[in-house]
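One structure below.
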Amino acid sequence: MFFHGTSRVNEKGHLEIGGVDTVELAEMYGTPLYIYDVALIRARARAFKEAFRRHGVRAQVAYASKAFSSIAIVQLAAEEGLSLDVVSGGELYTAIAAGFPSERIHFHGNNKSRDELEMALKHGVGCIVADNFYELELIEQLAVPSGRAVPVLLRVTPGVEAHTHDYILTGQEDSKFGFDLNNGQADEAFRRVMGSPAFQLLGVHCHIGSQIFETAGFVLAAQKVFTKMAEWNKEHGFVPSVINLGGGFGIRYTEEDDPIPVSAYVDCIVEEVKKQAEAHRLPLPEIWIEPGRSLVGDAGTTIYTIGSRKDVPNVRTYIAVDGGMSDNIRPALYGAKYEAVIANRVLGERTETVSIAGKCCESGDMLIWDLALPEAKPGDYLAVFCTGAYGYSMANNYNRLPRPAVVFVENGDAQLVVKRETYEDLIQHDLPFKAKVRK
Ligand SMILES: Cc1ncc(COP(=O)(O)O)c(C=O)c1O
Ligand SMILES: N[C@@H](CCCC[NH3+])C(=O)O
């Protein structure tokens, strides 16, 4: 059975997570419903931190909140001693509202606006990951009058091609993110930052992509980034205090995925950074990473109610659920694959193969193709596993579907942490049209 964390089958034959019956949750909060296994998120956070601790190096593990941002998850990240990666005014606002320590917030993004940068500086975020020359210009304009130097990392594209889906590759040269490491852009950004009192350069950031299963890309990225920082050290006496190698560590969505433990990624990163620091006779910088998916991905499960069924004789059977690409766009966007069970009959014999359709008016709104299930009836609950990252955070109101509720479960306790949207919520920003009367 494809279970993660505290998921198990209880004596009623129902899926239980965090000691709570998911069928009871579906009945209490309605569906679609996102359920997060808090113990699993804690375990992943601790595994990352423990891996660094074993090496005795200074490190920060920043939760990439784009994977799932809400007050509750940010508070949990703070409780677990994580730092926080935010990529917009909205994620920053959420972090501040949750009381997250601003000195542990890292502000990302390839087109930060003046307002967003102003907000970040006002709250004294720990660092701005500067992406481009326009942004350096904006930071300078905002920082110089204040007389304070802004801590920055320069985001570079190292020219490393990780093996993952094209849409989630970020480290290759032809990318919208960061300063190119190989064509002189990163050097120009370095000179720009070092020559201005507006900046305090901490070091370099790179992120090579997402859902990566191999360590080779991280090692290569560490080598390339370090070689550049060593060059800057030789020529300009710069001593980096931070190297940030981003996130991207893969998780197991289906039986086809075979990820390595999070500690294995940390081991290879730390070993390479140590090797590079020694080779270049530089002090070991603090090592930062920013995992999103690997902290929350397999801790999330979505519960849907099964509704209509359509048989296309000799071709396939479609089973439709009460959500779809509006609460999980990943299958439509990336062809992402998931595993699922019937939450109220987990151990039922899997006698038919069906395809799970969403309820949006798009043929591409399919959640899972060719899934073996016990015969599904209207009113059964379908539990789709591993939806914790880039599920709720990419949810939308297509077809004016209200976004689902989110519940955290731990030790037999369930807590609603995001309310379900209502129809009133959907029209709250709409204004009536008043036609001008022509004379
Ligand atoms: C700059 C940056 N950091 C961190 C992440 C988090 O990646 P993941 O969720 O794959 O760990 C991303 C997303 O890919 C990113 O773009
Ligand atoms: N949203 C993507 C990951 C993008 C990561 C952000 N750089 C996914 O669901 O796989």
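Glycine residues also receive a Cβ, built from the backbone N, Cα and C atoms like all the rest.
Sequence annotations record features per position, and here TrEMBL assigns pyridoxal 5'-phosphate binding site to Gly248, Glu290, Pro291, Gly292, Arg293, Tyr390. Cβ neighbour count for Arg293 (pyridoxal 5'-phosphate binding site): 25 (other Cβ atoms within 10 Å of its Cβ, all protein chains included).
The substrate binding site annotation in TrEMBL covers Arg293, Arg330, Tyr334, Glu362, Tyr390. DSSP classifies Tyr334 (substrate binding site) as helix under the three-state reduction.
According to TrEMBL, the feature domain 'Orn/DAP/Arg decarboxylase 2 C-terminal' maps to 34-388.
The domain 'Orn/DAP/Arg decarboxylase 2 N-terminal' feature in TrEMBL is assigned to 40-296.
Around the Cβ of Lys66 (N6-(pyridoxal phosphate)lysine), 21 further Cβ atoms fall within 10 Å across all displayed protein chains. The N6-(pyridoxal phosphate)lysine annotation in TrEMBL covers Lys66.
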Minimum Cα separation from Gly248 (pyridoxal 5'-phosphate binding site), reported as the residue among recorded positions Lys66, Arg330, Glu362 that achieves it: Lys66
Annotated binding-site residues Gly248, Glu290, Gly292, Arg330, Tyr334, filtered by Cβ under 6 Å to ligand 1: Gly248, Glu290, Gly292
Glu362 (substrate binding site), number of other Cβ atoms within 10 Å: 14
Under 8 Å by Cβ from Glu290 (pyridoxal 5'-phosphate binding site), counting only residues of that chain that are 6 or more apart: Val61, Ala62, Tyr63, Ala64, Ser83, Asp85, His106, His207, Asn244, Gly246, Gly247
Other CB atoms within 10 A, centred on Tyr334 (substrate binding site): 16
Of Glu290, Gly292, Tyr390, binding-site residues neighbouring ligand 2, Cβ under 6 A: Tyr390
